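Trainee: So that we are looking at the same thing, I have put the structure below in C-alpha cells.
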Amino acid sequence: MRPVSVWQWSPQGLLLCLLCNLCLGSPSPSTAPEMRAGSQDLRFRLAGFPRKPFEGRVEIQRAGEWGTICDDDFTLQAAHVLCRELGFTEATGWTHSAKYGPGTGRIWLDNLNCRGTEQSVTECASRGWGNSDCTHDEDAGVICKDERLPGFSDSNVIEARVRLKGGAHPGEGRVEVLKAGTWGTVCDRKWDLQAASVVCRELGFGSAREALTGARMGQGMGAIHLSEVRCSGQEPSLWKCPHKNITAEDCSHSQDAGVRCNLPYTGVETKIRLSGGRSRHEGRVEVQIGGPGSLRWGLICGDDWGTLEAMVVCRQLGLGYANHGLQETWYWDSGNVTEVVMSGVRCTGTELSLDQCAHHGTHVACKRTGTRFTAGVICSETASDLLLHSALVQETAYIEDRPLHMLYCAAEENCLASSARSANWPYGHRRLLRFSSQIHNLGRADFRPKAGRHSWVWHECHGHYHSMDIFTHYDILTPNGTKVAEGHKASFCLEDTECQEDVSKRYECANFGEQGITVGCWDLYRHDIDCQWIDITDVKPGNYILQVVINPNFEVAESDFTNNAMKCNCKYDGHRIWVHNCHIGDAFSEEANRKFERYPGQTSNQII
C-alpha cells in the first residue's frame, strides 16, 4: 500500500477525486544533476486540477501528440527525473490513480523505472513508447519542489496557472490567467465555445458547456491579460491560442469572460437533503446512512456548525453558496426524522460532499440534545467576495510613535498589545505600524453584516456602531509563522466609500444607516483612523511577515475565502520598517525574498 498524505482541495479537484482514489508518494531527498538536451524531441507540461504551478498530471508531447504516463511501477525517482525535465530542482511527492483528473490521448509510458539520477526520461527503462495496458484512470502526477533549476530556460516546457473564480458550482467561473506572476482576467471580445473548451480541458474537465460573457461570474480586479482570444479548441493552453494583448482602454472588467464546463455525474446530491424550509434552498440538513437494505435518514448535531460546513452542503446539493449555517432549527418541522446520526462535523469549506469532512464517525456526541439543536442551512445562488487592495497596504505603511494620552479609546476597544495595560498612563507612547485597508467586493451579492441593526453595539468613545466585532485580523509573523504581534479591526463602519463608474452607492453609516459593501464598490479604512494599526512596541528588529485577513471567522458567507488573506515581507531595524511584496495568498517568491534581503532600502519608501 502506498503512503497517503493529506491535502487541501478545491471543489473542482474533489469532483475529480470522487471518480478516482487519492494516494500520494512520500518525499525523499535527491540530487539535481546538470540538465542535458536528452529530451529535445519531447515537450512536457503539468495539467489537471486542482493544483499549484509546481504539481499536476504529467503530460508529454511526442511526435506532435500529447499523452500521459501510467502509474504502474511509478516511484519518487521517476518523479525526480520528470520534475527536472519541467525545470524544477527535485520532486517532493507523486500521485497515482489520476489524482489530477484523467488525461486524454495516448498513454506514452508504462512501467517507468528510473534510478532518479537520469538526465532525461528517455534514459529510464519502460515498456516502450506507446506500449501500455493502462487506462487514463491510472495517470501519474508529480509534486515538484517549488524551486527552479538555476538558469533553466527551455521552450520544451509548457506551463498551463489558469483558474476559475466566482462560480456557484464546480467547473464554472470567471476565467483568470497568470502572466508574469500576476493573475488577470480575459476580455469577452470574440469569446466562444472553442476558447472555453480549451480552458475546461486545461483544468482537467471535459469540453465547455457554455462560454459566458458580460462578467456573468462577477467582475475581476486588476489586470486584463487577454482579449480577442481565437482558439481552434485543440490547443493545450489558452496562451497557445492567438490573442491580443490589450491596454486599459481596450476593455473593462464588465466584459470579463467566464465558462461552464461539462462535468461527469457523481450522484453526491442523493445522499443529503433539506427539510422543513420555506423553499428548496433552506432547511434542516438530513443525511443518508447505512448500507444496502438498511438505508435511513438522520439529522446532524448543531454543535460548532457554521458557514464552512453549510457551504459544503449547498455545494453538494447544487444550490450554490451558503448564506447561513444554523445551529438551531426548532422553527423548521423535522417531520418523521428525529435521530441525530452525525456530530463533530468540521469542514474546510472546499469539500464536494459532507462525508469528506471530518466528523465523529459512528459515535455521536452532542453537547445539546434534541431536534431543535440540529444543523440547518440557507443557500443562495450568489455570494459576496471580498478582496484587499494589497498594493495600497504596501504604499501606505509607516511607523508612528503615538502618545498614550491619545490612545484611551483604542485601549477600550482592545486595539493595543497586552503590555499596554501595565504602561505608565498617560505618559509614554506605543509604536504603531499603520497602513490603509481598501476592501473591494468582487462577488455577485452585497456583503452584509451577519447581525441586524437591532444587535449592533454602540461604542461611545469612538461614536459609532460595530456591526461585526472582528472584521479583519492584523498580524506580524516570523518567517516560520509564529505570531509576535497582532491587531484586529471591528467593522467600525461598513459602507461604500467609492464605487465603479456604473455602480451606485447603497450603504452609508451616517444616521444609523445600513452597513454593507455593494458589489463593485469598496470600503476604505484610512491609515490615520483609530485601530488601523498593529501595536509593534514589543517587536524586536528582524525580518517578518505582515498578514491581513478579512472576515477571519467566516461570519459572512463568501464565494471564495482563499483570497481573504494578504501577506507582505517586512524588515524592521528598530527604527524604520520596509514593507515589500504584498500579495494575496500564502506563497512567497524565493527570488523576491532574496532581492528583498539584498536591497531592503530600495523596495519601499516607508519610514518613520
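Backbone N, Cα and C define each Cβ position, glycine as well.
Below are the features listed in TrEMBL for this protein:
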SIGNAL    1-25  signal peptide
DOMAIN    44-145  domain 'SRCR'
DISULFID  CYS70-CYS134  disulfide bond
DISULFID  CYS83-CYS144  disulfide bond
DISULFID  CYS114-CYS124  disulfide bond
DOMAIN    162-262  domain 'SRCR'
DISULFID  CYS187-CYS251  disulfide bond
DISULFID  CYS200-CYS261  disulfide bond
DISULFID  CYS231-CYS241  disulfide bond
DOMAIN    272-380  domain 'SRCR'
DISULFID  CYS347-CYS357  disulfide bond
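On this model, are these features tucked inside or out on the surface, and what's nearby?
Mentor: DSSP states for the domain 'SRCR' (44-145), grouped as helix (H, G, I), strand (E, B) and coil, give 16 helix, 35 strand, 51 coil.
Non-local contacts of CYS134 (disulfide bond) by the CB criterion (under 8 A, 6+ apart in sequence, same chain) comprise CYS70, ASP71, ASP72, ILE107, ASP110.
For CYS83 (disulfide bond), the same-chain residues lying six or more positions away in sequence with a CB closer than 8 A to its CB are THR89, GLU90, ALA91, VAL142, CYS144, LYS145.
Helix, strand and coil residue tallies for the domain 'SRCR' (162-262), in that order: 16 helix, 32 strand, 53 coil [DSSP].
Cβ neighbour count for CYS187 (disulfide bond): 23 (other Cβ atoms within 10 Å of its Cβ, all protein chains included).
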Trainee: Rank the disulfide-bonded residues CYS114, CYS124, CYS251, CYS261 by how many other Cβ atoms lie within 10 Å of each Cβ and give me the one with the fewest.
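Mentor: Looking at the disulfide-bonded residues CYS114, CYS124, CYS251, CYS261, the Cβ with the fewest others within 10 Å is that of CYS124.
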Trainee: Fill in the CA-CA distance, CYS357 (disulfide bond) to CYS241 (disulfide bond), as an integer in Å.
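Mentor: For CYS357 (disulfide bond) versus CYS241 (disulfide bond), the Cα atoms are 39 Å apart.
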Trainee: What's the CA to CA span in angstrom from CYS200 (disulfide bond) over to CYS124 (disulfide bond)?
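Mentor: Here the two Cα atoms are 32 Å apart.
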Trainee: Taking every protein chain in this structure into account, which of the disulfide-bonded residues CYS70, CYS200, CYS231, CYS241, CYS357 has the most other Cβ atoms within 10 Å of its Cβ?
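Mentor: It comes out as CYS200.
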Trainee: For CYS347 (disulfide bond), what is the tally of other C-beta atoms lying within 10 angstroms of its C-beta?
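Mentor: Counting Cβ neighbours of CYS347 (disulfide bond) within 10 Å gives 21.
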Trainee: Measuring Cα to Cα, how many angstrom lie between CYS251 (disulfide bond) and CYS241 (disulfide bond)?
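Mentor: Their Cα atoms are separated by 19 Å.
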Trainee: Just give the helix, strand and coil counts over the domain 'SRCR' (272-380), going by DSSP.
Mentor: 16 helix, 36 strand, 57 coil
Trainee: What is the pLDDT of the domain 'SRCR' (44-145) when averaged and given as a whole number?
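Mentor: That region's mean pLDDT is 89.
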